[in-house]
There are 4 protein chains.
Amino acid sequence: MAGSTLGELFRVTNFGESHGPAIGCVVDGCPPGLALSEADIQFELDRRRPGTSRHVTQRQEPDQVEILSGVYQGVTTGTPIALLIRNQDARSKDYGNIAETFRPGHADYTYWHKYGVRDPRGGGRSSARLTAPTVAAGAIARKWLKEHYGVQVRGYMSALGPIEIPFASWDAVPENPFYAPNADIVPQLEAYMDELRRDGDSIGARIEVVAENVPVGLGEPIYDRLDADIAYAMMGLNAVKGVEIGAGFASVAQRGSEHGDELNPAGFASNHAGGVLGGISTGQPITVSIAIKPTSSIRTGRQSIDKAGEPVEVSTLGRHDPCVGIRATPIAESLMALVLIDHVLRHRALCADVRVSTPVIPGQAPGSPTL
Amino acid sequence: MAGSTLGELFRVTNFGESHGPAIGCVVDGCPPGLALSEADIQFELDRRRPGTSRHVTQRQEPDQVEILSGVYQGVTTGTPIALLIRNQDARSKDYGNIAETFRPGHADYTYWHKYGVRDPRGGGRSSARLTAPTVAAGAIARKWLKEHYGVQVRGYMSALGPIEIPFASWDAVPENPFYAPNADIVPQLEAYMDELRRDGDSIGARIEVVAENVPVGLGEPIYDRLDADIAYAMMGLNAVKGVEIGAGFASVAQRGSEHGDELNPAGFASNHAGGVLGGISTGQPITVSIAIKPTSSIRTGRQSIDKAGEPVEVSTLGRHDPCVGIRATPIAESLMALVLIDHVLRHRALCADVRVSTPVIPGQAPGSPTL
Amino acid sequence: MAGSTLGELFRVTNFGESHGPAIGCVVDGCPPGLALSEADIQFELDRRRPGTSRHVTQRQEPDQVEILSGVYQGVTTGTPIALLIRNQDARSKDYGNIAETFRPGHADYTYWHKYGVRDPRGGGRSSARLTAPTVAAGAIARKWLKEHYGVQVRGYMSALGPIEIPFASWDAVPENPFYAPNADIVPQLEAYMDELRRDGDSIGARIEVVAENVPVGLGEPIYDRLDADIAYAMMGLNAVKGVEIGAGFASVAQRGSEHGDELNPAGFASNHAGGVLGGISTGQPITVSIAIKPTSSIRTGRQSIDKAGEPVEVSTLGRHDPCVGIRATPIAESLMALVLIDHVLRHRALCADVRVSTPVIPGQAPGSPTL
Amino acid sequence: MAGSTLGELFRVTNFGESHGPAIGCVVDGCPPGLALSEADIQFELDRRRPGTSRHVTQRQEPDQVEILSGVYQGVTTGTPIALLIRNQDARSKDYGNIAETFRPGHADYTYWHKYGVRDPRGGGRSSARLTAPTVAAGAIARKWLKEHYGVQVRGYMSALGPIEIPFASWDAVPENPFYAPNADIVPQLEAYMDELRRDGDSIGARIEVVAENVPVGLGEPIYDRLDADIAYAMMGLNAVKGVEIGAGFASVAQRGSEHGDELNPAGFASNHAGGVLGGISTGQPITVSIAIKPTSSIRTGRQSIDKAGEPVEVSTLGRHDPCVGIRATPIAESLMALVLIDHVLRHRALCADVRVSTPVIPGQAPGSPTL
């Protein structure tokens, strides 16, 4: 689908600007019969919310969601679910000078060239604030996937700038503001961020997302492969510059005898594929890694031009995340869930009544997403 | 768009199997008025064609394209352009054992689980042979982009397995079977491939694609960003496991003061963005890097299971590329061109002023692209 | 596009239920640079609004629209325009008995069978109240079409039940609650409606829509013909059971020598085609006629069943239009405008020459619709 | 979907011109596991084929279809099914003068204005010959619908110009070249056509299509209603100027107490709705009526202009149907089947696993398309 809509069958249409009256989305194509309340969605929104630690933007937004439609007596009706989030803490005057100049590395330049007009307040439509509706829609997808197939989508930060974060435990992830899967490294991350803030600079990060209990058979070759749609969704997240699935760039130097995951009657022996072969899910965990660039809005002065093409030095005031990667984990998880639910619906449209006769593994019926 | 169709406005619908009667595509949405002949398309198909060196599959396919529709008196008419390529050198008997077992790392397993039936001959629909129609469609896109905006899309191999290939010159690229931009390294690449063939193994590769003279303003945030659509197209190419744009994964460790490309009245001072900011093209070269995994069809024996779930050793006969990356460059270029033309059409729908309000002038069709 | 979205490039995604907290839509794909205020939209909403005469439902809804996004400093920015209308006068208790039974001729039955759950309050999602967002979106389309090409879309009632309404003058249309183009017949219409209300019954109507100054060349054969998309949009309006373009069903008995509109150097000599030939606009007025069935919600008792399949007599309380056709004119006009703007954008994508190759001029954004 | 593609999930992409090398289509989204051979498709193509009686065009085309992909060992694989029909009896020289002038009532004028170029041979892309691929795709849809749900789609001619054809029996339909459901009237139809041919003129017709055993619950409000998509498909058939569903235009003069179909425990008592309520199928027969205009290509001389805007008299040679309605019945049936299969797939994507607890009629589970 085009423009501001994600998905073919589970469609999320996003709207809003950073400092406009509201942001939100319409979720069309959600199956009927799912128990759904605002609390289900709020939980995920709160994970993404700004202002929750000193390492992220200090903008105070409750990000309180209102369900406007599509739910009756606590259950989805199969009709569009409109979600509304009012903006509350916009301080547009901080952005006065941005309207006339282009921040290096920022969408200021391209929006203005594309549209001829743009809303500069808080980055307008290009602000990462617009990921909140994605997270809200993702919460619905996650709940449905969990209830129907036990799908679990989780993510964590694996690198903050130059600091590699070794995976220790999923339990550590919700215990720190970085989504780091390793409690021991948190002080080092905090110290790094404190120094960065003093420098008026920003930094990149790498995030991993893992989806477990994914039904086998999701994805439509040639073009709408599951991995292609995951790459599309992830690269569409603000500031992402790279996406890997499974072995990713490491597969360049691998031989086929090493990369190809062997099978035995109990299942796969490894997962270099990252859960996708030929564009279709294998049933193994889907593993994705994304690279997030440093924020372009920094206090440090930089060379740029204004709308008249004259040279200017730009240093950005306003409130910004010095590392957008810190809040990216729940967003990337949401995008994964949105791609998965869309492909589950597509799969059951195309293949739902196929009854493959010989199961591969005793007790497991291949081709059936209902298991 | 869904399934086997790429693009929203310049739409390529792919069909065929490796050993079926024919492969091809329908290109719908090509603007009228483009001079187009089969020779224009054949040139690009020949760059991708198998059997042209000892380092690729020895299947002999002329890949001769027939234009079935959409072109009248050598000019596109604005109606669907159907392209047909007959398969000629299929040796399906080589694949008899594949029908009952799953090659490690191959789509055999997932196709069977998804659809319950599959055409195993030569990999059926999952074969990289199905990239030929993509290249054919891409040839049309490239010609149109070149003529209208001077867009040039070029690619090269930057790594063959463990061998990094330093960029020396574009001129070297067409002079060797690897699309290596460096004549000096070719003997090393050839020796590596010869050894690999002796080992009955395969290897990965990394490919770079660069698009120059891209109009500024292409791409539709939030979701259909230009970089998102490029990532989608590239990850949808057989065997691709990773995609980077601009600085890619290197941006993880970069500071904002380093990554953000400064501007001056003459233009951008660097291109860490890879030509895309906020999902919209900047007018700078778009630079993409992709990781290609090693072929799964290798002679070396590997552990797997058959359809009944019983353990088997699989070693693949038939003719296969030991490094699919070798022929990937023209395909990746084609995908880039297809994404770009689609976004040019989308951009002019949304943002360009239509000049069709002129009354009908005798002898001249209003709305004609020749005006 | 699917489900609750109308249009390919100018996309309207509708949400809401009759008695939910709000109704509205997201308009994605509106070109940037259009001056737009809530007043522009409110004008058309007020033409459709309930409670404005004794012949329509007495529900009191201000239908006040709020623009949530996509407009900055009074001008569209090219990003999604979200429109919100809060429901205010819902009296859900009137509908208690409807929840368990099916009104003859009403969507009660099919919604329940499709989704398994439904919101019965005021007809829920199936209520004609959900045409308000269509009218709101249509107001934007109309303004843009008017400003760019002088397109004018107008409609009128040509029959109220058995009463044929001869066309007298466009001037009469806004002067009476029926959109009748003939002041003399209004008393007869009023008397008819008064009698109908006394009978507790409802009646059908026929509406004509005419679009003038339509650019030539709109429409995409084979399938997305302009007339096909108009038929789709009109048949999708609640209660419509028939659509004609140009001579419509009268063309069944016409000979080719009568039907085919002759041309001369000054233009067409007649318009049996209704402004569309081969699925593409001719530049003549597009003329459409639609049949609207009588409302299913009537006081008169009728035989039906309840959810348990037991026979019941249903007579509908609550507030309903005894002739939905009375308020249908502005809605049908809006649908026409929405189809036209979508095809204008599609046409300029495919056939118009882009003027964006000009280099960046200081102070002026290339690609801007104001150039 | 856009342009030359019909359907959201069962997608038919049409290509070709009347006198080009070939016509055909790609059917993407057909579920795997359907037994399918060329004979299945040929049967329907032969019903539409030209040259089978003196009352239709004398062009001799075998319309022999070749399946190029998507079928393996006689069974669909879930991948795109490409269908190819070579043109054989093109006599392009008969159309020389058409290239420079516009036939009144023909797409000549609009194609030229839209695209600036056009293929005039045999009407090029605007020829009704392009309905052959629709029929071929429809044959697949019909077979699948029949096997899964027992859906039966049938049509007949109900009026030939001024001659009303009373329905006598379905058995009569295949026994005459008009698809008239009444053997007694056939001599009158033949005499009328013979006279028409002598006059060098053409005539309109009305066709009825009925779909039986349609699952309840198909259709997606607000916009993609089942009736809206049927109207779209039918109005997109060459020469169609009007579409009615159920009571159609007769509903204008009906009261609600007459129109609304009452229910009792055994089912509906009437079918004014034509099988669709609120845009969703009721399970009753879907009844559609379409108006077909007279062919524009007639021998009788008519006033027109040439490309230079100069007045000319046009009389059309070449071979043409004097009543395109005669061969329209199998095409309209095919379109109905294509819309139905698309909505079955959409329904099972959205609602497949809904389990409505209380069936309306004992022994029948509402909401389940698998019954």
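Backbone N, Cα and C define each Cβ position, glycine as well.
Bear in mind that TrEMBL entries carry predicted annotations, made automatically and left uncurated.
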Among C:Arg154, C:Arg255, C:Arg319 - the residue TrEMBL places in the same FMN site as C:Arg125, C:Ser126, C:Ser127, C:Asn238, C:Ala239, C:Gly278, C:Lys293, C:Pro294, C:Thr295, C:Ser296, C:Ser297: C:Arg319
For C:Arg54 (NADP(+) binding site), nearby residues of its own chain (Cβ under 8 Å, 6 or more apart in sequence): none
Against chain D, in sequence order - binding-site residues C:Arg48, C:Arg54, C:Arg125, C:Lys293, C:Thr295 with Cβ under 8 Å: C:Arg125, C:Lys293, C:Thr295
In the chain carrying C:Thr295 (FMN binding site), residues 6 or more apart in sequence that have Cβ under 8 angstroms from it: C:Ser202, C:Ala239, C:His320, C:Asp321, C:Pro322, C:Cys323, C:Val324
Chain A neighbours, filtered from binding-site residues C:Arg48, C:Arg54, C:Ser127, C:Ala239, C:Ser297, Cβ-Cβ distance under 8 Å: none
Pairwise Cα distance for C:Arg48 (NADP(+) binding site)/C:Ser297 (FMN binding site) [Å, integer]: 19
Cβ neighbours of C:Ala239 (FMN binding site) where a neighbour is any other Cβ within 10 Å: 24
Cβ-based isolation winner (fewest other Cβ atoms within 10 Å) among the binding-site residues C:Arg48, C:Lys293: C:Arg48
Largest tally of Cβ atoms lying within 10 Å of a Cβ, found at which of the binding-site residues C:Ser127, C:Ser297: C:Ser297
C:Arg125 (FMN binding site) in three-state DSSP notation: helix
For C:Arg125 (FMN binding site): intrachain residues, at least 6 apart, with Cβ closer than 8 Å: C:Gly16, C:Glu17, C:Ser18, C:Tyr111, C:Arg118, C:Asp119
